[in-house]
Amino acid sequence: MGRRKKMVERVTALMSNPVMIRNIAIIAHIDHGKTTLSDNLLAGAGMISKDLAGRQLFMDSDEEEQERGITIDSANVSMVHEFEDEEYLINLIDTPGHVDFGGDVTRAMRAVDGAVVVIDAVEGTMPQTETVLRQALKEHVRPVLFINKVDRLINELQVDAQEMQIRLGKLIDHVNKLIKGMNEERYNQGWRVDAAEGTVAFGSALYNWAISVPMMQKTGVSFGEVFDYCRAEDMKSLGEKCPLHEAVNDMVIRFLPSPIDAQEDRVGVIWHGDLEAGIGKQMAVADATGDLAFMVTDISMDPHAGEVSTGRLFSGSLSRGMEVYVSGAAKPNRIQQVGVFMGPERLEVDKIPAGNIAAVTGLRDAIVGSTVTTLDGMSPFESIRHASEPVVTVAVEAKHMKDLPKLVEVLRQVAKEDPTLKITLDEETGEHLMAGMGELHLEVIAHRIERDKGVEISTTPPIVVYRETITGTAGPVEGKSPNRHNRFYVVVEPLEPEVRELIREGEISMRMPELERREKLIAAGLDKDEAKRIADIFESNAYFDMTKGIQHLNETMELVLEGFVEVMKAGPLSKEPCMGVKVKLMDAKLHEDAVHRGPAQVIPASRQAIQAAMLMADDTLFEPYQKVFIQTPQEQMGGATKEIQGRRGIIIDMTSEGDTTIIESKAPVSELFGFAGDIRSATEGRAMWSTEFVGFEPLPTNMITEVVSGIRERKGLKKDLPQAQDFMSM
């Protein structure tokens, strides 16, 4: 314990000097070696035994992670590294690589300033590598590259020294091509990765060695010698001469920014307040004496302390007993404990200053994405946008009736811990529905509810979440209130694709300054008048108030928009969420007495006008698609392609490398249930595969009636497809 205590003392001493801090994440495709790399960095810092590093998987502290051999949650740790006779504090987050847990990566990107991108030298860049790199660049997080498993290239693929350099060069070029394509401005500012400069390291996380150009200069070990050591399988000597933690941490400290350098650039990307005054200025310089600005990026449950909110502290300092405001909460919260993480352990400290990643208890109203501040009325941070959407749903029931109240509380907790999970109560059937990123995601959550929360549950087989949208235009359609005194006239049409995409990416929101929003909408192809009159955005749908001078509309607008949101959450065709719908209010007639235009009158009138108009505008269903990447020996290629084509899938591209074929394809999520077992059988267990969410595509016309009827029946609605008249009968 003495060693750990000493480490805590060193960590706390360095916390208050942001120049000496690096907040970083390790990101990669699944099984490319992130957690093994993290272990060796910790061993180098003296936090775990060197003999166990790479096998202990210290960061995978969850029982399920160890069983499945994958990282499911992001794990945080603070450690100290000495570079050029100075001590630095590295706050490290190890993230999951499986596509179903990509939400953890997105949230981690908000907390860090730099990322070590890990790529398997044999497999090269894979779909999830591209996804995590895109998320990093979107949040203005600077990447450096670690090419792992170089020993496999030499010993398994038997490449010679020259071919190895060519292959590694190609891999680096490909990463740079991705960086340039995703953020050219940053690429031109020197964010490209370059072996000669030192922003690329090569090595083996399993055998604990790594080399980079600065490391070669420091140790005198040449690339040729590395090759010879690997051929002789003398990894031990290589690990002693070129320890992995030294090469990687030196690269992190030399090239990734400190909070002072990073925040000046990043604050404008993640916060839309005034950067020239008050808290904006304080965040830009990570001012520990300024007002508190803390963003929650993760929530976990501690059996003793309750909810632990982890996040990035941009300005001010956190200490016990502070009273703080949480965005969206009515009353202030009081901070109970502040601490830092050492893998699975949370260690209490007295105070944490700006520029650090902190773990706090007492924020009962916080959710992931909350802004926590001492400044009442501070404009909140931009919400965290996830690359994927929940597309698979299961119904959850408690096995024993006595557990029902506990299940309701447990579901509230898991939704708070994992914001990519959507929990809803189906009013018709009384079932709790749990929507997640994929089969594995929901399996893990269900297992945790039973294991950690102690509630036995049963779940239905997974079903797909569709999207309702319109392909035509309709209106003006009249919606009447039950008392006949209020009428709304709406037009619906498809929302411009570019506008929809910008909303989905978080580039356009109702939170941003009006002028900036208007300019972006016009640039995306919206009519000037419409851009000026946008009244609400919900998911990827928008509402426009095109009326002029209607009395009492201002005070009624909130209720009108409530009707809009209700329909966008559950469309008229099958009560599935809507996407890409533009609703325009063209005219309204309102009763002059407020008593006659209350919620019970206005909401149904607003809602029914939109529902009827959507059914007139060719309301249809879109289904979620995933890209499927398969690596298989050539002789198994036929089995793999047949497996995709038999699931309404399309082969997009096929490339060969040696005797391996890489198939890029896409298929509907509804057809991919059970794919893992089937592809294993079809290729005799020799295929490696991964998926990536690519969005929604139209459901084939010949399937619409059957699918809609099935959804309606499942939800306890009339099986027959609804007609516009059903909503206009009032």
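Positions of Cβ are set from backbone N, Cα and C atoms, glycine also.
Record features (Swiss-Prot):
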type	residues	note
DOMAIN	19-260	domain 'tr-type G'
BINDING	28-35, 94-98, 148-151	GTP binding site
MOD_RES	H596	diphthamide
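Sorted by the number of other CB atoms within 10 A, the binding-site residues A28, V150 start with V150, the lowest. Taking Cβ-Cβ distances under 8 Å and a sequence separation of 6 or more, the neighbours of H596 (diphthamide) in its chain are N483, H485, N486. DSSP assigns A28 (GTP binding site) to a strand.
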